[in-house]
Amino acid sequence: MSTGNLSAALSLRTFLEESKAEGDVVEIDLEVDPHLESGAISRRAYETGSPMPLINNPKGKDGPEGLFRILGAPVGVRSDRATRYARFAKSIGLPSNATGHDIIQKLLASKKAEPIPSVKVHDAPLKEHKIFGDEIDLLKLPVPKNHASDGGRYFLTYGLHSVQTPDGKWVNWAITRCMVIGKRQLTGLVDVKQDIGAIWAMWKAQGKDTPWACALGVPPAAAVASGMPLPKFVNEPDYVGAITGVPVEVIKCETNDLVVPAQSEVVLEGTISANETADEGPMGEYHGFLFPVKKSPQPVMTVNAITYRSNPIVPIAVAGRSPDETHTVWALSICAEILDLLQQADLPITKAWCPYESQAIWYVVQVDRKRLVEMKTTPETFCRQVGEIVFSSKPGRFVPRIFVVGDNIDPSDLHEVVWAEATKSQPQDSDFFFVGNYPTYDLVPYATHGFNPHEPQAKVVRLCMLPAEFKTLDRPWVEASFRASYPEELKKKVLDSWLAYGFGENPVNL
(Lines of atoms letter the chains of each structure in order from A and count residues from 1; the text may use other names and numbers.)
(Lines give C-alpha, C1' and ligand atoms only; values in the text may rest on other atoms or scores of the structure.)
Protein backbone atom coordinates (compact mmCIF):
# COMPACT_ATOMS: atom_id res chain seq x y z
CA MET A 1 0.00 0.00 0.00
CA SER A 2 1.32 3.47 -0.87
CA THR A 3 2.21 5.40 2.26
CA GLY A 4 3.47 8.82 3.21
CA ASN A 5 2.01 12.31 3.33
CA LEU A 6 1.11 13.16 -0.24
CA SER A 7 0.83 16.77 -1.35
CA ALA A 8 -2.32 18.29 -2.84
CA ALA A 9 -0.70 18.03 -6.28
CA LEU A 10 -0.23 14.28 -5.87
CA SER A 11 -3.47 13.31 -4.13
CA LEU A 12 -7.05 14.35 -4.85
CA ARG A 13 -7.93 13.52 -1.23
CA THR A 14 -5.26 15.89 0.13
CA PHE A 15 -6.32 18.53 -2.41
CA LEU A 16 -9.90 18.32 -1.12
CA GLU A 17 -8.87 18.33 2.55
CA GLU A 18 -6.84 21.51 2.07
CA SER A 19 -9.55 23.13 -0.05
CA LYS A 20 -12.22 22.30 2.52
CA ALA A 21 -10.11 23.88 5.27
CA GLU A 22 -10.09 27.05 3.15
CA GLY A 23 -13.87 26.99 2.71
CA ASP A 24 -13.69 25.86 -0.92
CA VAL A 25 -15.68 22.60 -0.72
CA VAL A 26 -19.38 22.11 -0.04
CA GLU A 27 -20.34 18.52 0.74
CA ILE A 28 -23.85 17.71 -0.46
CA ASP A 29 -25.44 14.77 1.35
CA LEU A 30 -28.90 15.15 -0.19
CA GLU A 31 -29.62 12.76 -3.04
CA VAL A 32 -28.64 14.44 -6.31
CA ASP A 33 -29.68 13.12 -9.71
CA PRO A 34 -26.72 12.65 -12.08
CA HIS A 35 -29.19 13.24 -14.90
CA LEU A 36 -28.66 17.01 -15.30
CA GLU A 37 -28.90 18.00 -11.61
CA SER A 38 -25.20 17.38 -10.83
CA GLY A 39 -24.31 19.25 -14.03
CA ALA A 40 -26.56 22.18 -13.13
CA ILE A 41 -25.02 22.43 -9.65
CA SER A 42 -21.55 22.38 -11.16
CA ARG A 43 -22.36 25.00 -13.82
CA ARG A 44 -23.82 27.30 -11.15
CA ALA A 45 -20.69 26.84 -9.05
CA TYR A 46 -18.43 27.72 -12.00
CA GLU A 47 -20.38 30.80 -12.97
CA THR A 48 -20.58 32.23 -9.43
CA GLY A 49 -17.11 31.31 -8.15
CA SER A 50 -18.75 29.12 -5.50
CA PRO A 51 -16.94 26.28 -3.67
CA MET A 52 -16.54 22.90 -5.34
CA PRO A 53 -19.66 20.74 -4.86
CA LEU A 54 -18.77 17.27 -3.54
CA ILE A 55 -21.88 15.20 -4.19
CA ASN A 56 -21.76 12.33 -1.71
CA ASN A 57 -25.07 10.71 -2.56
CA PRO A 58 -25.73 10.74 -6.31
CA LYS A 59 -28.78 8.76 -7.34
CA GLY A 60 -27.63 5.28 -8.37
CA LYS A 61 -24.49 5.17 -6.22
CA ASP A 62 -23.54 1.57 -5.45
CA GLY A 63 -23.74 1.58 -1.64
CA PRO A 64 -21.66 3.54 0.91
CA GLU A 65 -18.30 2.26 -0.37
CA GLY A 66 -19.21 1.79 -4.01
CA LEU A 67 -19.17 3.66 -7.30
CA PHE A 68 -19.13 6.70 -6.95
CA ARG A 69 -19.25 10.24 -5.55
CA ILE A 70 -19.12 13.23 -7.93
CA LEU A 71 -16.92 16.32 -7.60
CA GLY A 72 -17.95 19.36 -9.61
CA ALA A 73 -15.82 22.31 -10.75
CA PRO A 74 -12.46 20.77 -9.67
CA VAL A 75 -10.43 23.56 -11.28
CA GLY A 76 -12.94 26.38 -11.48
CA VAL A 77 -12.06 29.75 -9.98
CA ARG A 78 -12.92 31.24 -6.61
CA SER A 79 -14.88 34.47 -6.19
CA ASP A 80 -12.19 35.76 -3.80
CA ARG A 81 -9.74 37.77 -5.89
CA ALA A 82 -6.75 37.03 -3.68
CA THR A 83 -7.14 33.27 -4.15
CA ARG A 84 -8.95 33.28 -7.51
CA TYR A 85 -6.64 30.66 -9.06
CA ALA A 86 -6.19 28.54 -5.91
CA ARG A 87 -7.45 25.26 -7.37
CA PHE A 88 -5.03 25.35 -10.30
CA ALA A 89 -2.25 26.58 -8.01
CA LYS A 90 -2.74 23.69 -5.57
CA SER A 91 -2.82 21.27 -8.49
CA ILE A 92 0.80 22.10 -9.34
CA GLY A 93 2.22 22.67 -5.87
CA LEU A 94 1.81 26.45 -5.56
CA PRO A 95 0.17 28.33 -2.65
CA SER A 96 -3.48 29.32 -2.88
CA ASN A 97 -2.65 33.00 -3.44
CA ALA A 98 -0.53 32.36 -6.56
CA THR A 99 -1.35 34.59 -9.52
CA GLY A 100 -2.15 33.41 -13.00
CA HIS A 101 1.29 34.48 -14.15
CA ASP A 102 2.85 32.51 -11.26
CA ILE A 103 1.04 29.43 -12.59
CA ILE A 104 2.32 29.94 -16.13
CA GLN A 105 5.88 30.45 -14.90
CA LYS A 106 5.63 27.24 -12.86
CA LEU A 107 4.46 25.32 -15.92
CA LEU A 108 7.34 26.79 -17.94
CA ALA A 109 9.89 25.94 -15.25
CA SER A 110 8.54 22.39 -15.05
CA LYS A 111 8.85 21.96 -18.80
CA LYS A 112 12.49 23.07 -18.68
CA ALA A 113 13.34 20.95 -15.64
CA GLU A 114 14.72 17.44 -15.89
CA PRO A 115 11.87 14.91 -16.11
CA ILE A 116 11.53 12.78 -13.00
CA PRO A 117 10.66 9.18 -13.93
CA SER A 118 7.62 7.68 -12.26
CA VAL A 119 7.94 4.98 -9.62
CA LYS A 120 5.99 1.75 -9.95
CA VAL A 121 4.25 0.45 -6.82
CA HIS A 122 2.53 -2.89 -6.38
CA ASP A 123 -0.42 -1.96 -4.20
CA ALA A 124 -2.62 1.08 -3.67
CA PRO A 125 -6.13 1.94 -2.43
CA LEU A 126 -7.15 1.77 -6.10
CA LYS A 127 -6.97 -2.03 -5.88
CA GLU A 128 -9.39 -2.35 -2.95
CA HIS A 129 -12.28 -3.26 -5.25
CA LYS A 130 -12.17 -5.05 -8.62
CA ILE A 131 -14.84 -5.92 -11.19
CA PHE A 132 -14.23 -7.95 -14.34
CA GLY A 133 -15.97 -8.88 -17.59
CA ASP A 134 -19.71 -9.38 -17.52
CA GLU A 135 -19.92 -8.18 -13.89
CA ILE A 136 -19.46 -4.67 -15.33
CA ASP A 137 -22.53 -2.57 -16.09
CA LEU A 138 -21.75 1.05 -16.83
CA LEU A 139 -25.45 1.72 -17.43
CA LYS A 140 -26.19 1.20 -13.72
CA LEU A 141 -23.55 3.66 -12.51
CA PRO A 142 -24.29 7.34 -11.71
CA VAL A 143 -22.51 8.58 -14.81
CA PRO A 144 -23.75 12.15 -15.29
CA LYS A 145 -25.52 13.71 -18.20
CA ASN A 146 -24.22 17.25 -17.88
CA HIS A 147 -26.29 19.29 -20.36
CA ALA A 148 -29.86 18.69 -21.51
CA SER A 149 -28.77 18.43 -25.17
CA ASP A 150 -25.70 16.26 -24.61
CA GLY A 151 -25.70 13.11 -26.72
CA GLY A 152 -25.25 10.87 -23.71
CA ARG A 153 -23.79 10.38 -20.26
CA TYR A 154 -20.11 11.34 -20.11
CA PHE A 155 -17.90 9.26 -17.81
CA LEU A 156 -14.63 11.03 -18.48
CA THR A 157 -14.57 14.80 -18.69
CA TYR A 158 -11.74 15.41 -16.21
CA GLY A 159 -9.42 12.45 -15.78
CA LEU A 160 -7.00 10.80 -18.17
CA HIS A 161 -6.70 8.14 -20.83
CA SER A 162 -3.54 6.04 -20.70
CA VAL A 163 -2.18 4.56 -23.93
CA GLN A 164 1.28 3.71 -25.21
CA THR A 165 2.93 3.06 -28.56
CA PRO A 166 3.24 -0.57 -29.69
CA ASP A 167 6.97 -0.49 -28.89
CA GLY A 168 6.21 0.77 -25.37
CA LYS A 169 8.55 3.75 -25.65
CA TRP A 170 5.93 6.51 -25.46
CA VAL A 171 3.37 6.58 -22.66
CA ASN A 172 0.66 9.15 -23.27
CA TRP A 173 -1.78 10.42 -20.67
CA ALA A 174 -4.47 12.56 -22.28
CA ILE A 175 -7.78 14.17 -21.38
CA THR A 176 -10.48 13.65 -23.97
CA ARG A 177 -14.16 13.11 -23.37
CA CYS A 178 -15.89 9.74 -23.57
CA MET A 179 -19.52 8.73 -23.14
CA VAL A 180 -21.30 5.54 -22.15
CA ILE A 181 -23.02 3.66 -24.99
CA GLY A 182 -23.52 0.18 -23.47
CA LYS A 183 -22.95 -2.06 -20.45
CA ARG A 184 -19.24 -2.30 -21.21
CA GLN A 185 -18.85 0.17 -24.05
CA LEU A 186 -17.96 3.82 -24.35
CA THR A 187 -16.97 6.05 -27.22
CA GLY A 188 -14.97 9.25 -27.22
CA LEU A 189 -12.99 11.68 -29.31
CA VAL A 190 -9.90 9.96 -30.74
CA ASP A 191 -8.44 12.66 -32.96
CA VAL A 192 -5.49 11.52 -35.08
CA LYS A 193 -4.16 15.09 -34.92
CA GLN A 194 -3.74 14.63 -31.17
CA ASP A 195 -1.47 12.22 -29.36
CA ILE A 196 -4.05 9.64 -28.28
CA GLY A 197 -5.25 9.42 -31.89
CA ALA A 198 -1.71 9.17 -33.25
CA ILE A 199 -1.02 6.21 -30.96
CA TRP A 200 -4.37 4.59 -31.82
CA ALA A 201 -3.43 4.90 -35.52
CA MET A 202 -0.13 3.07 -34.87
CA TRP A 203 -1.99 0.10 -33.37
CA LYS A 204 -4.62 0.21 -36.11
CA ALA A 205 -1.86 0.06 -38.75
CA GLN A 206 -0.85 -3.27 -37.20
CA GLY A 207 -4.46 -4.47 -37.35
CA LYS A 208 -4.75 -4.43 -33.54
CA ASP A 209 -7.01 -2.83 -30.98
CA THR A 210 -5.27 -0.31 -28.70
CA PRO A 211 -4.70 -1.36 -25.07
CA TRP A 212 -6.33 1.40 -23.04
CA ALA A 213 -7.10 2.57 -19.54
CA CYS A 214 -9.14 5.48 -18.22
CA ALA A 215 -8.21 6.87 -14.78
CA LEU A 216 -10.56 9.12 -12.81
CA GLY A 217 -9.89 11.09 -9.65
CA VAL A 218 -6.21 11.21 -10.51
CA PRO A 219 -3.53 13.30 -8.77
CA PRO A 220 -4.31 16.93 -9.70
CA ALA A 221 -0.85 17.41 -11.25
CA ALA A 222 -1.46 14.38 -13.49
CA ALA A 223 -4.72 15.88 -14.72
CA VAL A 224 -2.91 19.14 -15.53
CA ALA A 225 -0.13 17.34 -17.43
CA SER A 226 -2.70 15.31 -19.37
CA GLY A 227 -4.42 18.48 -20.52
CA MET A 228 -1.26 20.19 -21.78
CA PRO A 229 -0.27 20.29 -25.48
CA LEU A 230 3.15 18.79 -24.74
CA PRO A 231 5.49 17.85 -27.59
CA LYS A 232 5.05 14.39 -29.11
CA PHE A 233 7.00 11.59 -27.43
CA VAL A 234 7.04 13.37 -24.05
CA ASN A 235 5.96 10.88 -21.39
CA GLU A 236 3.37 12.64 -19.23
CA PRO A 237 4.19 10.56 -16.11
CA ASP A 238 7.73 11.97 -16.14
CA TYR A 239 6.40 15.50 -16.66
CA VAL A 240 4.19 15.10 -13.57
CA GLY A 241 7.40 14.48 -11.64
CA ALA A 242 8.89 17.67 -13.07
CA ILE A 243 5.81 19.61 -11.86
CA THR A 244 5.80 18.21 -8.34
CA GLY A 245 9.53 17.70 -7.82
CA VAL A 246 9.04 14.07 -6.79
CA PRO A 247 8.22 10.90 -8.75
CA VAL A 248 4.56 10.18 -9.30
CA GLU A 249 3.58 6.69 -8.20
CA VAL A 250 2.11 4.49 -10.92
CA ILE A 251 0.62 1.03 -10.81
CA LYS A 252 0.09 -1.62 -13.48
CA CYS A 253 -3.38 -2.37 -14.75
CA GLU A 254 -4.97 -5.76 -14.11
CA THR A 255 -5.64 -6.77 -17.73
CA ASN A 256 -2.91 -5.06 -19.76
CA ASP A 257 0.59 -3.61 -19.35
CA LEU A 258 -0.41 0.02 -19.06
CA VAL A 259 0.30 2.05 -15.95
CA VAL A 260 -1.98 4.59 -14.30
CA PRO A 261 -1.51 6.91 -11.31
CA ALA A 262 -1.55 4.79 -8.16
CA GLN A 263 -3.51 7.50 -6.36
CA SER A 264 -6.40 7.34 -8.82
CA GLU A 265 -9.90 6.85 -7.45
CA VAL A 266 -11.33 4.72 -10.29
CA VAL A 267 -9.72 3.03 -13.31
CA LEU A 268 -11.42 1.45 -16.33
CA GLU A 269 -9.31 -0.99 -18.35
CA GLY A 270 -9.88 -2.34 -21.82
CA THR A 271 -9.26 -1.63 -25.49
CA ILE A 272 -9.99 0.97 -28.16
CA SER A 273 -11.31 -0.79 -31.25
CA ALA A 274 -9.33 -0.50 -34.46
CA ASN A 275 -12.47 -0.81 -36.58
CA GLU A 276 -15.72 -0.58 -34.62
CA THR A 277 -17.21 2.92 -34.27
CA ALA A 278 -20.27 4.53 -32.74
CA ASP A 279 -21.81 8.00 -32.88
CA GLU A 280 -20.28 10.33 -30.30
CA GLY A 281 -21.68 13.65 -29.13
CA PRO A 282 -22.82 16.25 -29.05
CA MET A 283 -21.54 17.77 -25.81
CA GLY A 284 -21.44 21.29 -24.40
CA GLU A 285 -17.94 22.51 -25.16
CA TYR A 286 -15.28 25.01 -24.13
CA HIS A 287 -16.60 27.68 -26.49
CA GLY A 288 -19.87 27.86 -24.56
CA PHE A 289 -22.08 26.32 -27.26
CA LEU A 290 -23.65 22.98 -28.00
CA PHE A 291 -24.62 22.11 -31.56
CA PRO A 292 -27.27 19.34 -31.28
CA VAL A 293 -26.58 17.94 -34.75
CA LYS A 294 -22.83 17.62 -34.14
CA LYS A 295 -22.16 13.89 -33.93
CA SER A 296 -19.26 11.96 -35.36
CA PRO A 297 -18.29 8.29 -35.61
CA GLN A 298 -15.58 7.51 -33.06
CA PRO A 299 -13.85 4.29 -31.96
CA VAL A 300 -15.61 2.08 -29.43
CA MET A 301 -13.87 1.50 -26.10
CA THR A 302 -14.63 -1.81 -24.41
CA VAL A 303 -14.18 -2.09 -20.64
CA ASN A 304 -12.75 -5.39 -19.36
CA ALA A 305 -12.08 -4.39 -15.75
CA ILE A 306 -12.82 -1.68 -13.20
CA THR A 307 -10.72 -1.12 -10.10
CA TYR A 308 -11.52 1.48 -7.44
CA ARG A 309 -10.88 2.58 -3.91
CA SER A 310 -13.60 2.65 -1.26
CA ASN A 311 -16.16 5.43 -1.65
CA PRO A 312 -14.36 6.86 -4.69
CA ILE A 313 -14.67 10.38 -6.07
CA VAL A 314 -15.03 11.14 -9.79
CA PRO A 315 -14.35 14.77 -10.77
CA ILE A 316 -16.34 16.13 -13.70
CA ALA A 317 -15.76 19.11 -15.99
CA VAL A 318 -19.05 20.54 -17.19
CA ALA A 319 -17.73 22.57 -20.10
CA GLY A 320 -19.50 25.71 -21.22
CA ARG A 321 -19.39 29.44 -20.53
CA SER A 322 -16.15 30.36 -18.81
CA PRO A 323 -14.46 29.75 -16.52
CA ASP A 324 -14.21 25.98 -16.24
CA GLU A 325 -11.31 23.53 -16.65
CA THR A 326 -11.12 24.08 -20.41
CA HIS A 327 -10.26 27.71 -19.69
CA THR A 328 -8.21 27.34 -16.52
CA VAL A 329 -6.14 24.20 -17.15
CA TRP A 330 -6.22 23.89 -20.94
CA ALA A 331 -5.99 27.54 -22.01
CA LEU A 332 -3.33 28.49 -19.45
CA SER A 333 -1.30 25.44 -20.46
CA ILE A 334 -1.44 26.69 -24.05
CA CYS A 335 -0.28 30.11 -22.79
CA ALA A 336 2.77 28.50 -21.20
CA GLU A 337 3.57 26.65 -24.41
CA ILE A 338 3.31 29.67 -26.71
CA LEU A 339 5.27 31.84 -24.26
CA ASP A 340 8.02 29.23 -24.31
CA LEU A 341 8.02 29.08 -28.13
CA LEU A 342 8.29 32.86 -28.47
CA GLN A 343 11.02 33.15 -25.86
CA GLN A 344 12.98 30.30 -27.45
CA ALA A 345 12.91 32.35 -30.66
CA ASP A 346 14.47 35.20 -28.66
CA LEU A 347 11.50 37.49 -29.17
CA PRO A 348 10.96 40.09 -26.40
CA ILE A 349 7.77 38.52 -25.01
CA THR A 350 7.47 38.59 -21.21
CA LYS A 351 3.97 37.28 -20.48
CA ALA A 352 1.12 35.40 -22.14
CA TRP A 353 -2.50 35.08 -21.06
CA CYS A 354 -5.87 33.89 -22.25
CA PRO A 355 -8.75 36.06 -21.04
CA TYR A 356 -11.28 33.57 -19.70
CA GLU A 357 -14.08 35.67 -21.18
CA SER A 358 -12.77 34.76 -24.64
CA GLN A 359 -13.57 31.05 -24.11
CA ALA A 360 -9.95 29.98 -24.80
CA ILE A 361 -9.96 31.66 -28.22
CA TRP A 362 -8.07 34.95 -27.60
CA TYR A 363 -4.45 34.94 -26.46
CA VAL A 364 -2.60 38.05 -25.30
CA VAL A 365 1.20 38.46 -25.28
CA GLN A 366 3.09 41.28 -23.58
CA VAL A 367 6.19 42.88 -25.11
CA ASP A 368 9.36 44.05 -23.35
CA ARG A 369 9.55 47.43 -25.06
CA LYS A 370 13.21 48.11 -24.27
CA ARG A 371 14.24 44.99 -26.14
CA LEU A 372 11.66 45.69 -28.84
CA VAL A 373 13.13 49.13 -29.55
CA GLU A 374 16.63 47.63 -29.60
CA MET A 375 15.50 45.18 -32.30
CA LYS A 376 14.87 48.09 -34.70
CA THR A 377 12.04 46.14 -36.26
CA THR A 378 8.74 47.22 -37.79
CA PRO A 379 5.26 46.44 -36.45
CA GLU A 380 4.47 44.20 -39.42
CA THR A 381 7.76 42.29 -39.31
CA PHE A 382 7.40 41.68 -35.58
CA CYS A 383 3.77 40.59 -35.72
CA ARG A 384 4.53 38.31 -38.65
CA GLN A 385 7.28 36.67 -36.59
CA VAL A 386 4.94 36.15 -33.63
CA GLY A 387 2.18 34.69 -35.79
CA GLU A 388 4.41 32.40 -37.80
CA ILE A 389 5.98 30.90 -34.67
CA VAL A 390 2.72 30.36 -32.82
CA PHE A 391 0.31 29.44 -35.60
CA SER A 392 2.71 26.87 -37.09
CA SER A 393 3.15 25.06 -33.76
CA LYS A 394 1.28 22.21 -32.08
CA PRO A 395 -0.45 24.48 -29.51
CA GLY A 396 -1.00 27.04 -32.29
CA ARG A 397 -3.70 24.78 -33.70
CA PHE A 398 -5.91 25.98 -30.84
CA VAL A 399 -4.94 29.68 -31.15
CA PRO A 400 -6.87 31.67 -33.77
CA ARG A 401 -6.20 35.18 -32.40
CA ILE A 402 -3.22 36.85 -30.73
CA PHE A 403 -3.27 40.33 -29.23
CA VAL A 404 0.11 42.05 -28.81
CA VAL A 405 0.27 44.61 -25.97
CA GLY A 406 2.97 46.81 -24.48
CA ASP A 407 4.61 46.41 -21.10
CA ASN A 408 2.23 48.91 -19.45
CA ILE A 409 -0.66 46.49 -20.03
CA ASP A 410 -1.29 43.45 -17.81
CA PRO A 411 -2.43 40.67 -20.18
CA SER A 412 -4.47 39.05 -17.39
CA ASP A 413 -6.53 42.22 -16.86
CA LEU A 414 -9.20 42.27 -19.56
CA HIS A 415 -10.07 45.87 -18.62
CA GLU A 416 -6.57 46.91 -19.65
CA VAL A 417 -6.46 44.71 -22.75
CA VAL A 418 -9.72 46.18 -24.05
CA TRP A 419 -8.40 49.71 -23.39
CA ALA A 420 -5.26 48.95 -25.41
CA GLU A 421 -7.19 47.28 -28.23
CA ALA A 422 -9.81 50.02 -28.48
CA THR A 423 -7.37 52.93 -28.48
CA LYS A 424 -4.30 51.58 -30.27
CA SER A 425 -5.48 48.88 -32.67
CA GLN A 426 -6.26 50.49 -36.01
CA PRO A 427 -8.79 48.56 -38.10
CA GLN A 428 -7.06 46.76 -40.96
CA ASP A 429 -3.60 48.35 -40.48
CA SER A 430 -3.08 46.72 -37.07
CA ASP A 431 -4.34 43.29 -38.18
CA PHE A 432 -1.92 40.78 -39.68
CA PHE A 433 -3.68 37.79 -41.18
CA PHE A 434 -2.39 34.26 -41.73
CA VAL A 435 -4.19 31.99 -44.17
CA GLY A 436 -3.00 28.70 -45.58
CA ASN A 437 -1.07 25.81 -44.16
CA TYR A 438 -1.73 26.53 -40.48
CA PRO A 439 -3.39 23.92 -38.28
CA THR A 440 -6.89 24.86 -37.16
CA TYR A 441 -9.32 23.49 -34.59
CA ASP A 442 -12.75 22.64 -35.91
CA LEU A 443 -14.41 22.98 -32.49
CA VAL A 444 -14.17 26.78 -32.77
CA PRO A 445 -17.81 27.52 -33.76
CA TYR A 446 -17.11 29.83 -36.67
CA ALA A 447 -14.68 27.31 -38.20
CA THR A 448 -17.56 24.96 -39.02
CA HIS A 449 -20.64 27.20 -38.73
CA GLY A 450 -19.31 30.52 -40.00
CA PHE A 451 -18.62 31.94 -43.45
CA ASN A 452 -16.93 29.56 -45.91
CA PRO A 453 -16.48 26.67 -43.45
CA HIS A 454 -14.86 24.51 -46.12
CA GLU A 455 -12.14 27.05 -46.87
CA PRO A 456 -8.87 27.47 -44.91
CA GLN A 457 -9.59 29.50 -41.79
CA ALA A 458 -7.74 32.78 -41.24
CA LYS A 459 -5.78 33.48 -38.07
CA VAL A 460 -4.81 36.97 -36.96
CA VAL A 461 -2.24 38.84 -34.89
CA ARG A 462 -3.78 42.10 -33.71
CA LEU A 463 -1.31 44.80 -32.67
CA CYS A 464 -2.54 46.81 -29.68
CA MET A 465 0.40 49.22 -29.69
CA LEU A 466 1.11 52.43 -31.60
CA PRO A 467 3.94 52.57 -34.16
CA ALA A 468 5.90 55.02 -31.95
CA GLU A 469 6.30 52.30 -29.30
CA PHE A 470 8.57 50.40 -31.69
CA LYS A 471 10.90 53.38 -32.10
CA THR A 472 11.39 54.99 -28.71
CA LEU A 473 10.92 54.34 -25.00
CA ASP A 474 9.63 57.89 -24.62
CA ARG A 475 5.94 57.49 -25.27
CA PRO A 476 4.38 60.63 -26.78
CA TRP A 477 1.50 60.53 -24.27
CA VAL A 478 0.78 60.30 -20.55
CA GLU A 479 -1.78 57.87 -19.19
CA ALA A 480 -4.72 59.62 -17.52
CA SER A 481 -5.33 57.39 -14.49
CA PHE A 482 -4.80 57.20 -10.74
CA ARG A 483 -1.69 55.09 -11.16
CA ALA A 484 -0.02 57.37 -13.74
CA SER A 485 -1.22 60.94 -13.27
CA TYR A 486 -0.14 61.77 -9.72
CA PRO A 487 3.08 61.91 -7.63
CA GLU A 488 3.82 58.83 -5.53
CA GLU A 489 3.58 60.83 -2.29
CA LEU A 490 0.09 62.06 -3.18
CA LYS A 491 -1.11 58.60 -4.17
CA LYS A 492 0.13 57.23 -0.86
CA LYS A 493 -1.67 60.00 1.03
CA VAL A 494 -4.93 59.27 -0.79
CA LEU A 495 -4.66 55.55 -0.10
CA ASP A 496 -3.75 56.06 3.55
CA SER A 497 -6.60 58.57 4.02
CA TRP A 498 -9.27 56.67 2.11
CA LEU A 499 -11.29 55.71 5.18
CA ALA A 500 -10.84 59.16 6.70
CA TYR A 501 -12.35 60.70 3.59
CA GLY A 502 -15.52 58.78 4.44
CA PHE A 503 -15.27 55.93 1.93
CA GLY A 504 -15.76 52.32 2.92
CA GLU A 505 -12.90 49.85 3.01
CA ASN A 506 -10.24 50.23 0.35
CA PRO A 507 -11.73 48.89 -2.88
CA VAL A 508 -10.04 46.92 -5.62
CA ASN A 509 -9.90 48.28 -9.16
CA LEU A 510 -12.85 47.48 -11.36
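Every residue gets a Cβ built from N, Cα and C, even glycine.
Each residue in the domain '3-octaprenyl-4-hydroxybenzoate carboxy-lyase-like N-terminal' (17-107) gets a DSSP state, and the totals come to 34 helix, 15 strand, 42 coil. Marked as domain '3-octaprenyl-4-hydroxybenzoate carboxy-lyase-like N-terminal' by TrEMBL: 17-107.
Confidence in the domain '3-octaprenyl-4-hydroxybenzoate carboxy-lyase-like Rift-related' (120-321), given as mean pLDDT, stands at 95. According to TrEMBL, the feature domain '3-octaprenyl-4-hydroxybenzoate carboxy-lyase-like Rift-related' maps to 120-321.
Counting Cβ atoms from all protein chains shown, N172 (Mn(2+) binding site) has 23 others lying within 10 Å of its own Cβ. The feature Mn(2+) binding site is assigned by TrEMBL to N172, E236.
A sphere of 10 angstroms centred on the C-beta of Q194 (prenylated FMN binding site) encloses 18 other C-beta atoms. According to TrEMBL, the prenylated FMN binding site annotation covers N172, W173, A174, I175, T176, R177, Q194, D195, E236, K394.
Proximity of E285 (active site, proton donor) to non-local residues of its own chain (separation of 6 or more, Cβ distance below 8 Å) is seen for A319, G320, T326, L443, given in sequence order. Positions annotated as active site, proton donor by TrEMBL: E285.
According to TrEMBL, the domain '3-octaprenyl-4-hydroxybenzoate carboxy-lyase-like C-terminal' annotation covers 327-461.
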Spatial separation of E236 (Mn(2+) binding site) from T176 (prenylated FMN binding site) - C-alpha basis, Å: 15
For prenylated FMN: widest Cα to Cα gap among N172, W173, A174, I175, T176, R177, Q194, D195, E236, K394 in Å: 20
The domain '3-octaprenyl-4-hydroxybenzoate carboxy-lyase-like C-terminal' (327-461), counted residue by residue under DSSP: helix, strand, coil: 61 helix, 23 strand, 51 coil
Close in space, distant in sequence - A174 (prenylated FMN binding site), Cβ under 8 Å, 6 or more apart: L160, H161, V163, Q194, D195, I196, S226, E236
Sparsest-packed among the binding-site residues, when each Cβ's other Cβ atoms within 10 Å are tallied, from T176, E236: T176
